[in-house]
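Annotated features, as they stand in Swiss-Prot:
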SIGNAL    1-20  signal peptide
DISULFID  C95-C103  disulfide bond
ACT_SITE  S97  active site, nucleophile
CARBOHYD  N143  N-linked glycosylation site
DISULFID  C151-C162  disulfide bond
CARBOHYD  N192  N-linked glycosylation site
ACT_SITE  D214  active site
ACT_SITE  H269  active site
CARBOHYD  N275  N-linked glycosylation site
Amino acid sequence: MRGYLLLLPLLLCLVDNSVSYKPVILVHGLLSSSKSFDKLIQFIKKAHPGTDIYPVDMFNHLKSLNPMWKQVYEIRKYISPIIKNAGLKGVHLICYSQGGLICRGLLETMPEHNVDTFIALSSPLMGQYGMTLYVQKALPLVNISALQEVCYRKFFKEISICGYWRDPHRYEKYLEYSAFLPKLNNELLDSNSTERKRNFLRLRKLVLIGGPDDEVIAPWQSSHFGFYNEKEEVVNMKDQMVYQKDTFGLQSLDGRGAITIYSVPGVLHASWPNNQTVFKNYIEKWLT
């Protein structure tokens, strides 16, 4: 018995060292870069030593205005080997702001992905409408009336933000000219709609984080799959057509208890990836 007791510390050490965390892939937002995740990377390394972390260093700053589908396809080339190497263990995605929409595109177009948890950090998942700082930085010389005309013209519709600009008063124009979000939502059906939904449902867990003091995402409830109706009243996720008709799998995911939603007050948009409280309370637990 004494011999076993002497071996116990060694055995515990071996068990502790055998803990292996899933790789984490980070995708940044509009007019930003992988540097926006510097503090978040520190938080993850401290909480889960040994975690392999892959901040996507692509489409930085003004290049983030490139067409959304172009960003999805190029980033997919980068993360595919990471996902493949992870094997059955799987990976986690943390995707911030515009990056959350890019990650939706990745999930829907990768039939063999093994993403365990997708954490969407203050992302305009159901679109953007309103001249917040987010829009003003991207298109500083354009007001909201002009932006509606810019985004709903063939020449400009490939600008990233126009791909998910969603005017609640002009839904038909949104369907016609927004090159990204209607397809992502399967609001416009095509030969790949069924496959996009099937791919999205490979996801094990969806974590939605946003808050009322964001001041950039408009409406802020878009980070929770809510959006304006034609009266500019916010319609929550479960009352959205894409949820009720389960167009891309949102209702199915929710039905199996796979969606967690956090509404966090007091956090400005630029602070989400740098906020240690946000990490400790709403992110860390999902990165096992």
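Backbone N, Cα and C define each Cβ position, glycine as well.
Structural mapping of features recorded in Swiss-Prot.
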residue: C95; record: disulfide bond; DSSP class: strand
residue: C103; record: disulfide bond; DSSP class: helix
residue: C151; record: disulfide bond; DSSP class: helix
residue: C162; record: disulfide bond; DSSP class: helix
residue: N192; record: N-linked glycosylation site; DSSP class: coil
residue: D214; record: active site; DSSP class: coil
residue: H269; record: active site; DSSP class: helix
residue: N275; record: N-linked glycosylation site; DSSP class: coil
Around the Cβ of the residue listed as 'active site, nucleophile', the count of other Cβ atoms that are within 10 Å: 29
Sequence-distant neighbours of C103 (disulfide bond) in its chain (C-beta under 8 A, six or more apart): V27, L93, C95, F118, A120
Minimum Cα separation from H269 (active site), reported as the residue among recorded positions S97, C151, N192, D214 that achieves it: D214
From recorded positions S97, N192, D214, N275, the one whose Cα lies nearest C151 (disulfide bond): S97
Number of other Cβ atoms within 10 Å of the Cβ of H269 (active site) across all protein chains: 22
Neighbour-count leader, CB within 10 A, glycosylation sites: N192, N275: N275
Distant-in-sequence Cβ neighbours of D214 (active site), under 8 Å, six or more positions away: S122, W220, S223, V267, L268, H269
